[in-house]
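Take a look at the structure set out below.
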Amino acid sequence: MEESDSEKKTEKENVGPKVEPPLGEPEGSLGWAMPNAAMKKKVLLMGKSGSGKTSMRSIIFANYIARDTRRLGATILDRIHSLQINSSLSTYSLVDSVGNTKTFDVEHSHVRFLGNLVLNLWDCGGQDTFMENYFTSQRDNIFRNVEVLIYVFDVESRELEKDMHYYQSCLEAILQNSPEAKIFCLVHKMDLVQEDQRDLIFKEREEDLRRLSRPLECSCFRTSIWDETLYKAWSSIVYQLIPNVQQLEMNLRNFAEIIEADEVLLFERATFLVISHYQCKEQRDAHRFEKISNIIKQFKLSCSKLAASFQSMEVRNSNFAAFIDIFTSNTYVMVVMSDPSIPSAATLINIRNARKHFEKLERVDGPKQCLLMR
């Protein structure tokens, strides 16, 4: 079918400004380059204006720290002008009088994960005019071939009824155009809620969202840019998009058992999101993975500012030893050992020897059999 002029115009206007590679990651690196033959996964990031979508995306994918998101809009405009991108483009961001970043229309970015997997991220501006256009003139373009819908709710929104209305409109469009899409709801800015009220408020909001989402299923997360909850949510989202995650987990378990590790974690290299893990016994802190992601990512950023690159580290005390090291071209690995009889050198050699196996497994079209055997 031949496209109409209006459809062609919409497609042209929806081409957003180039996304800068993360600090410390050269342009064209594995974390950001567009591959020739990639498995693309379309991810919609939606929510009302000022809900925090662009800030969280910049923290996860562009190595911003929370306090720097207040000047995010001005930074993006500076980058647009420095790249000499046509100022008539409909995609840009501004910061309002209270520091909220507002995205206009749809900003596209491509983020490469684990070899051939590419996240085609659509950050959709949340102004009322644009939201209405998404459900009318741009409906098919926006909601076709979606793998994941992420809808962000400001927990302190004064227009909750309107938020829910737009969310339900998104679900109707998803049901029509991408019925197999996975739905995630992020109840954001939870740091603004009194600590003793957070569990109750989130539980009530989660129940409402699950009810409104039927017949679709939604997964809900409480999030804040000021703690590890943001990493918890996005790690869970990315986990759903990895095509061979079961093979990855099976090999990770075999690796952990062979080297007698208490825990093994895989982090995506650019974002430091947890993409897979294995543990042989329960741990007290259920949020330790996301805390580590947050800490190490900020440490990597500090290294970059000093013109140094983070490669590996070892932490040891009387109870355990933890190793974080480059694993494959797209991942870091963390290995936790509690057996004092196993020397550090042996663990590091085991990590090095396992790299080639996990490099093969990362390929989307790679082998399906278990690569690590006793």
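Backbone N, Cα and C atoms are what each Cβ position is placed from, and that goes for glycine too.
Straight from Swiss-Prot, the features:
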BINDING   SER49, GLY50, GLY52, LYS53, THR54, SER55, THR69, THR75, GLY126, HIS188, ILE225  GTP binding site
BINDING   GLY50, SER51, GLY52, LYS53, THR54, SER55, THR69, THR75, HIS188, ASP191, LEU209, ILE225  GDP binding site
COMPBIAS  1-15  compositional bias 'Basic and acidic residues'
CROSSLNK  LYS203  ubiquitin cross-link
CROSSLNK  LYS281  ubiquitin cross-link
CROSSLNK  LYS291  ubiquitin cross-link
CROSSLNK  LYS305  ubiquitin cross-link
MOD_RES   MET1  N-acetylmethionine
REGION    1-30  region 'Disordered'
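For the recorded site, GLY50 (GDP binding site), the DSSP three-state label reads coil. Look at the Cβ of each of the binding-site residues SER49, THR54 and count the other Cβ atoms within 10 Å; the largest number goes with THR54. In this view, GLY50 (GDP binding site) is surrounded by 20 other Cβ atoms within 10 Å of its Cβ, with every protein chain counted. When Cα-Cα distances from LYS281 (ubiquitin cross-link) are compared across the binding-site residues GLY50, GLY52, HIS188, LEU209, the shortest belongs to HIS188.
Annotation: HIS188 carries the greatest number of neighbouring Cβ atoms among the recorded positions HIS188, LYS203, LYS281, LYS291, LYS305 [cut-off 10 Å, Cβ to Cβ]. Mapped onto three states, the DSSP output places LYS203 (ubiquitin cross-link) in helix. LYS305 (ubiquitin cross-link) falls within a helical segment according to DSSP. Calculated from their C-alpha atoms, the gap between GLY52 (GTP binding site) and HIS188 (GDP binding site) amounts to 7 Å. Nearest by CA distance to HIS188 (GDP binding site), out of the recorded positions THR54, LYS203, ILE225, LYS291, LYS305, is ILE225.
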